[in-house]
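*Asks:* Below is the structure I would like to discuss, written out as C-alpha cells.
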Amino acid sequence: MNQHTGVTSRNTQMDILRGLTIILMVLGHCGFPGTHFIYLFHMAVFFFVSGYFYKDACSETVGSMWKYIKHKLKTLWLPYALWNTIFVLLNNWFIRMNVYTDNPELVKAVGEEYAVLHHYMTGTEMLKEIVKNLAFYGGTTMGGALWFLQTLFFVAIAYALIDFLLKKSRIGYKHHMIVQGCIALIFLGVGYWSSVTGITFHAMERVASCYILYYLGLLLRKYEKTEKSTFYRVGKIIIATVVLLVCNKIGAIALNINSYENPLFLLVTSIAGWMLLVETSYFINQIRWLQAGLTVVGQNTLPIVVLHLLSFKLVSVIGVMVEGLPVYMVAAFPVLFYGGAWWVAYTVAGVSLPLLDGIVKNICCRRLLQKERN
C-alpha cells in the first residue's frame, strides 16, 4: 500500500513538474520579463522528463521496438503532422481574420522581429507544405512550438535503437550506460559544431544536442536519492537558483534554433533547471489546491503546446479594440503588446483556453468509450 502511494505521489509530482514547465514555455513566448532566464532550462527539462519515463522494456526485442516506434508515431508524429496540416489549410482564412497578415505596414508598426508576413497560398502550395509536414520537415508559424515534438521523436527513437543494439551486444548494464553516455557526448559535440558553424541538416543538429538531455533524464531516475530531507531539498533549490542566476549573466540558450554558449553551459543550466523544478514540484505537491491545478495542466500539455500561440490572438484582438489600433496589428507574432501586465493576460489565455479545449475533448472521449462499453 505504501509503495503504491509512493509511486502515485511521484507521478503526481512529475505531472506538477510538467505543468510548471509548460507554463514557463508560455511565459517565454509572451513578453515575460524573465524570458532570458526561462530559456536557460525550460525546454531542456521537457527532454529530461521524457527520458525519465523511458522504460528499458521498450528496446528488449524487435517486437517491443516496433511497438515503441508505433507509440511515438501516434503521440509525436501524428500531432505534429495533423496540426501543422490544419494550420496550412487555415492559412488563407487566418489572413482574412488578421491572425496572419500580408500587410507590409505591420513591419513598420512592430519591427521585423515581430512581423511575419504571409501570402495567400494556392492549392499546390498547400499540398507541398502538407507533404513536408507529413515528412517531419517544414512547419507553420502558428505551429512554431511543435519543433519540440519533431526533435523529441527522433531523440527517443535514436535512443531506443541504440539501446536495442547495445543489449544485443550482451555487454553488462553498467557498461551499457557508459557507452550510451559516450554516444550522447559525441552527439553533443556534433550538435555544438553545427551551432558554431551554422551547418544544419533538417533540424538533426537539434536532435544531436538534445540526445544527452534525454539520457540524463533516464540516468537521474535510475540513480536519484529517494529519501530526502526538507533541508536537502531547499538546499538544492537555492543552489540551482544561484547557478541559473549566474548563468543568466553569462550567456543564452535557444534550443529551438540549436543555440547555446557551449556544451558545458548547456549541461549546467539544464541540470540546474531540473533540480529547481523537481524540488519545487515536491513542495507544491504538499499544497492540495495548487497541486490539483498544476496536475491538470501537466496532464494536458499537448493542447497547450499546440494552441497557446493561437490563443494569444484573443488578447491581441481585445488590445487592438481598446487601443484603437489597425486590425492588421493582431498578426504581430508571437504577441503584440509588451511591457506592463500584458504578459499576465497572454499567459492566462495561452494556458486556460487550450486547457479548456483539452478537458472538453477528454470528457467527450470518455463518454464515447462509456457508450461503446454499454
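Glycine is treated like the rest: Cβ placed from N, Cα and C.
The following feature annotations were taken from TrEMBL:
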DOMAIN    13-336  domain 'Acyltransferase 3'
TRANSMEM  75-95  transmembrane segment
TRANSMEM  145-165  transmembrane segment
TRANSMEM  177-193  transmembrane segment
TRANSMEM  237-257  transmembrane segment
TRANSMEM  263-284  transmembrane segment
TRANSMEM  305-329  transmembrane segment
TRANSMEM  335-356  transmembrane segment
*Asks:* Under 8 Å between C-beta atoms and at least six residues away from its ends: which parts of the chain pack against the transmembrane segment (237-257)?
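*Replies:* For the transmembrane segment (237-257), the nonlocal Cβ contacts are 36-37, 39-41, 43-44, 144, 147-148, 151, 206, 209-210, 265-266, 268-269, 272-273, 275-276, 279-280.
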*Asks:* Compare 75-95, 177-193, 305-329, 335-356 by their Cβ pairs under 8 Å to the transmembrane segment (263-284) and return the stretch that comes out on top.
*Replies:* 177-193
*Asks:* Go through the chain and flag residues at least 6 beyond the ends of the transmembrane segment (305-329) whose CB is under 8 A from any CB in it; none is fine as an answer.
*Replies:* 22, 25-26, 29-30, 79, 83, 98-99, 101, 103, 105-106, 109-110, 141-146, 148-149, 335-337, 342, 345-346, 349-351, 353-354, 357
